[in-house]
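Submitted below is the structure of interest, expressed as structure tokens.
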């Protein structure tokens, strides 16, 4: 405990010295969330990244999030505390998948989940997050949409909007959300009969069908006030975030082992060393950044 408190003090000192800000995703370890200047979902973090006046952004999240921050802040130093903080789903989508889909559906816009690499974002007409995917896709003047890389979010968007969504790659998924099953739903209802189920749209369709609400992590925070007990179908650390914001409500993880290894690759020690040694700096080639920036900025304009 003493070491944790000591690290927190050193991080605060270094933040002032470097004129740095720490942005953290909702899935980060509790102690990392505690030292962050801002904690949020992908959309909230992207918006925050456009309003940062610090010289240095330390991004406690996975690599595609840090890339997005760099794309939106080309003149700032963006650091990711651990290079192993990566997103398996983002890495499933390759440029070839986009080009193949465009051959089949030349008039369909390419909509990419922000959980994608900078390289693939350069081929997108617009990016989306789980918080704004439905609204943005509704606004697009096309009934056929090429969408990647999460097939479960694609399923949810298709169901809500009535549009034809072409998922690329066909089996793109988040391994954490894919873990949730009907058995987990049944167990949750048995263990917590008075609780409602909040489900992330990256979960499997059969789990979505039993949800009381299907929302992004930001949506979970906004709507948690509607009921006193919730079973949370997303990454485990979201329960910490919700419990901190709503101490008088009860939140239960649907699965204790719903853990994103990429998110957990960043510890308090990594954040401290990142600020101390100014590592690891995120770079995005300008020709990729310029194209990807248009897709991200269009998302922010349409949100």
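Every residue gets a Cβ built from N, Cα and C, even glycine.
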With 25, 42, 113, 114, 115, 130, 200, 201, 202 listed by Swiss-Prot as iminosuccinate-binding, which of these, 50, 217, is given for the same site?
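Of 50, 217, 217 joins 25, 42, 113, 114, 115, 130, 200, 201, 202 in the iminosuccinate site that Swiss-Prot records.
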Measure from the Cα of residue 200 (iminosuccinate binding site) to the Cα of every one of the binding-site residues 87, 174, 260, then give the nearest.
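So, spelling it out, the nearest of the binding-site residues is 174.
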Check the Cα-Cα distances from residue 202 (iminosuccinate binding site) to the binding-site residues 87, 174, 260 and tell me which is shortest.
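It is 174, whose Cα lies nearest.
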Quick check: with 87, 174, 260 left out, which same-chain residues have Cβ atoms within 8 Å of the centroid of the [4Fe-4S] cluster site Cβ atoms?
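Output for this site, in sequence order: 62, 88, 89, 90, 115, 175, 176, 177, 235, 262, 263.
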At the Cα level, what's the spacing in Å between residue 87 ([4Fe-4S] cluster binding site) and residue 113 (iminosuccinate binding site), rounded?
12
